[in-house]
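Per TrEMBL, the features are:
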DOMAIN    A:15-434  domain 'DUF112'
TRANSMEM  A:12-30  transmembrane segment
TRANSMEM  A:104-126  transmembrane segment
TRANSMEM  A:138-156  transmembrane segment
TRANSMEM  A:163-181  transmembrane segment
TRANSMEM  A:193-210  transmembrane segment
TRANSMEM  A:350-371  transmembrane segment
TRANSMEM  A:391-417  transmembrane segment
TRANSMEM  A:424-442  transmembrane segment
TRANSMEM  A:462-482  transmembrane segment
Amino acid sequence: MIHAFIDLVHPLTFVIILGASILGVILGAIPGLSGGLGVALLLPVTFGMEAATGLAMLVAIWVGGVSGAMVGSILLGIPGSPSAIATCFDGYPMTRKGQAVKALGAAITASFLGTFFSILIAAWLSPIIADLALKLGPWEYFSLGFCAIALVASLSRDNVGKGMAAAALGLLAACVGFAPIDGTARFSFGNMYLSSGFDLIAMMLGLFALKQIVMDFARGTRAVQKVEARNISGFGVTLQEFRDNAWNLVRSFGIGIWIGFLPGMGAALSNMVAYAQAKSASKHPEKFGKGCIDGVFASEVSNNASVGGSVIPMIALGIPGDGTTAILLGGLMIHGIQPGPLLFTNNPEIVYTVFATALLSAVMVLVVQFFGMRLFPAILKVPYHYLYPPIVVLSFVGVFVNTGGAYIFAMLLGFAALGILMDLVKLPISPFILAFILGPMLESNLRKGFTYSTDGAWAFLTRPISAGLLAIAVFSILWPYLKPLLIRRRLSHG
Amino acid sequence: MQRIDQLTSLVLVAVGLIVIAMTSRITYTSFTDDPGPRLFPYLGAAVLILSGLSIFVKACRDKPGSAIPVDRALMLRGAMLFALMGLYALAMKLVGFYPATPVAVFALYWMIAGASRRLWRGIVLGLATTLFIYLLFTLGLQSYLPEASLF
């Protein structure tokens, strides 16, 4: 870890991390964009860098993005990303009451606490989990991947079928190209460009960046709101307010790190769960939604704690905790680094670079946001017509640089069209991407599981951890269907 | 969403059936106990069909009248921007990155800015974006940018 810190304080690396942290904060603050988009956009830029430096840049954008998302929530009532939706509930009313300084200060300090301590815990826990993970076989890995996909798919609570359909489409998309183990060509129709499968970066940029731009434009470019930036000075939060919220901060931190740890459930979910818990446990729940600082603390400490939480499965198991860690995982693989339990043995410098960068970025973001509190409103005034054209160009150039062929433009546009279509019919994108990324790992372990055991498919059900994970997966899929039946039955009996 | 969900579910089931048909035609050489490359696509298609049926059943149970009307103006705006992106991709393939990018950025700016567009601002944005990409990718990272296939 110390060596990783020493490497990071190299002037060029330090400047890259500082710049990436600022860029992350800016992208996080702009509604519709996010640090995750920044990670996807700048992934191709890392091709020419050393793996550790490139990864440090991506991690810094991610940390900055999660933290910066609160700016739009508090000043405009528009969340910069889904991770800051709950921050709107009380942050914006505080701004309208003239307490923007207090709301920003609470959010900035809570963000710092969430990121910093969750990363420290991740650094401590990840090697332990990696040791345990080495004892797992292909049966457990298949079941873990399947469980992750099922958990993400089941988040579409109003229609789990749609979540599972999106996941199934992702699994089928992962089947295009050569099969793992025996290299049989599938669904490539003799096309040499399809024989190596779909490109992950084209998928990411198509589904996130281009789709977002087309949908925003189609729905009408939002008018830029006037933002009042005067009277902002210091953090504006008293020590007493921290003391009053000590338990709220600890509970929200715990919720954030746990939800971040569960594959596929990131900051977008944790901020709302923590907010709901803070409100239900509060002595004055009636103040929530009207400008209560407790709500801002809960939302911001939890969404940033999810950063550390989602690093644990990414580093220890090679399973992304959320959409952004899925892209980071892609970044590792592009640099020839295989995430998973052996990462601690094969590439320890990469592991500690991730932790050290996240810690350094948390401190940098704290300083940048402290001094940038007066500038944030000006950044939010940049109209979309200046932002979106360069993002389109960066997306096209990014996928070209990755593959070196113009055919990739068709793939990029194809995924943008798929993203728009999925948005229109309300098929969630997260299970699709998670299934696509986990697809080859799932298939490889599924086939190995059959080959290594004389019991065939039974081995997946007779090994306790594998069976437990499959049970969780099945339960999470069936629960939304069973719950109404149980409630109806209870009502009819009572 | 009722009708859209019903239609979506039918498309998903159809895709699942097509994948099963295509998977059955995959030829491979099997070795000890390996289930082969057909198993995983079969599993994916089965999940897709079951999910499609589940969406269909739920859509049939939903109250009618919850359908979202199709906004044609919205779809046209989206289609226009998407078509412009398609033209940009084609232009980069035919004439290369340098002539295509400033024009495309200008056109995107012109379309997105709407009433607040200004000619010189669009030109500056187009040139600045092209310069930035050149500095970042060509000079900074020594990467190749798309070259013309026409000449």
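Note: Cβ is positioned from N, Cα and C throughout, glycine not excepted.
Curation does not apply to TrEMBL; its annotations are automatic.
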Subject >> Interface-richest range of A:138-156, A:163-181, A:350-371, A:462-482 toward the transmembrane segment (A:424-442), CB pairs under 8 Å >> reply: A:163-181
Subject >> pLDDT averaged over every residue in the domain 'DUF112' (A:15-434) >> reply: 82
Original post:
Top stretch among A:12-30, A:104-126, A:163-181, A:193-210, A:462-482 for CB pairs under 8 A with the transmembrane segment (A:138-156)?
Top reply: A:462-482
Subject >> Highest-contact recorded stretch vs the transmembrane segment (A:193-210), from A:163-181, A:350-371, A:462-482, CB pairs under 8 Å >> reply: A:163-181
Subject >> Closest-packing stretch to the transmembrane segment (A:104-126), where packing means Cβ pairs under 8 Å, from A:12-30, A:350-371, A:391-417, A:462-482 >> reply: A:350-371
